[in-house]
Amino acid sequence: MTSKKLVNSVAGCADDALAGLVACNPNLQLLQGHRVALRSDLDSLKGQVALLSGGGSGHEPAHAGFIGKGMLTGVIAGAVFTSPAVGSILAAIRAVAQVGTVGTLLIVKNYTGDRLNFGLAREQARAEGIPVEMVVIGDDSAFTVLKKAGKRGLCGTVLIHKVAGALAEAGAGLEEITDRVSEVAKAMGTLGVSLSSCSVPGSKPTFELSADEVELGLGIHGEAGVHRIKMATADEIVALMLDHMTSSSNVSHVPVRSGSSVVLMVNNLGGLSFLELGIIAEAAVRSLEGRGVKIARALVGTFMSALDMPGISLTLLLVDEPLLKLIDAETTASAWPNVAKVSVTGRKRCRAAPAKPLEAPDSTAAGGAASKQMVLVLERVCATLLGLEERLNALDRAAGDGDCGTTHSCAARAIQGWLKEGPPPASPAQLLSKLALLLLEKMGGSSGALYGLFLTAAAQPLKAKTDLPAWSAAMDAGLEAMQKYGKAAPGDRTMLDSLWAAGQELQAWKSPGANLQILSKAVKSAEAAAEATRNMEAGAGRASYLSSARLDQPDPGAVAAAAILRAVLEVLQSQDA
């Protein structure tokens, strides 16, 4: 079965892709009648050396993404994974010669078709009197024994584009650029690894891997590698890659050793997630620095892909200061990253976290009556939530991912662990603030964030006073914060429904003569509101995304909130008895 691709046609996908890039980049133009992209300011290059590269399509952003001032003058694209036509290569050479360039360098990856087609175009151009040179790049470090075909050209070719482009922009001659990049190419190595093959439009994957296998040392055309290894951690795979690339027993190794200074390229072969790419990059930096290698520059991204291949390649280029200046030189090429022009190694990567603000001393002695009462309340709340775990999970399965009870139990266990460390602050403001931080760290999910918001906001009115009007104001502040950031409103079938109903009853605490009995009314209202969510249409939260938002069970968050309020009431009533 062929893989699905977003193309207009298999036959026209290479033309459409190049046309799309040119359509979105005013600095590029197509050469009429050919699959060739050139700098749109070509006429300004009179007196400079032109740089042409290319190859099969499917390696995007290579090659056209690296056209620009300070990099390539133009590229010639073939069909997917197919060398470009000799006629198009020759047309590109003629086009850059006609604007008065002083010679053309062809930068070619070491594949038979590319060598033949670019080589033939070069000979024809030279026969016409156009000065043309060609360098063939082979940076593959996979082969322990070299065959006649030599090392394949891989992602390191992009660094050659950059070096040659900087030299051409500085006015270097054709012979000088050719000699310089030929030497640079000898100090470079690349190795790829993939979790599976890629698939050419209209075709099946080019090779198959089992679930526990990884392909090591593969090229950029979907061909199999030199070793098939067992799946391992990112750290282990990176270490294996670097061992292979730098081992002197490997005839294609790059001579990187302790004390070497390198440019590191971490290249996405097309289908790897950015998350995995970051993990690989960190592992590569850590592993190289652990070997005593200085990383002068690090480039991370997609530079030369193999269509949708879920894999990466690592490139190491030995550098000195003159070469680094060429790497750092300005370019307008759209696919070249904005690389910091400072060494990666030796840079301080962490900043000390800011110190927590000093807390005001607790106005009530730890272990006092108020503190003991708080412990009883929290213990009852925790026991209640632990007892509700299965019911809340069951309610949540209808509207979410079935973890509401687990999340609340996690919070309960975190509070229990915290209480074992010592008595909580007797100051209500400090207690709520501490609970907010604990739940934000330990509870997780949107529930943890919402409880954290509620408690943080509720603590503020209690800093000055702790009488009943202040507790009513605390409820108001907590509800306001939940609505502001959670975007839920009463009637949206969320935990807010229970808390809002309770908050409306607690408004009576602001009147003279109010007493604790108001809390009993508030709890009953909260429980009624939780039950009423059974008949509500979800307007916020995960349940609102369901195709049928009307559900026949109460909202688990609202049930949990009402149960917490009931637990608080029961402890306070037992204390008053």
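Placement of Cβ uses the backbone N, Cα and C atoms for every residue, glycine included.
TrEMBL lists His221 with the feature active site, tele-hemiaminal-histidine intermediate. All protein chains included, His221 (active site, tele-hemiaminal-histidine intermediate) registers 20 other Cβ atoms within 10 Å of its own Cβ.
Sequence annotations record features per position, and here TrEMBL assigns substrate binding site to Gly56, Ser57, Gly58, His59, Lys109, Asp114.
As annotated by TrEMBL, domain 'DhaK' applies to 9-336.
Summarising the annotation, TrEMBL assigns domain 'DhaL' to 372-570.
Cβ proximity to the substrate site centre (mean Cβ of Gly56, Ser57, Gly58, His59, Lys109, Asp114, cutoff 8 Å) flags the following additional same-chain residues: Gly54, Gly55, Ala62, His63, Ala77, Gly78, Val80, Phe81, Thr82, Ser83, Ile220, His221.
Neighbour counts of Cβ atoms within 10 Å were compared across the binding-site residues Gly56, Gly58; the minimum falls on Gly56. In the structure as shown, the Cβ atom of His59 (substrate binding site) sits within 10 Å of 29 other Cβ atoms.
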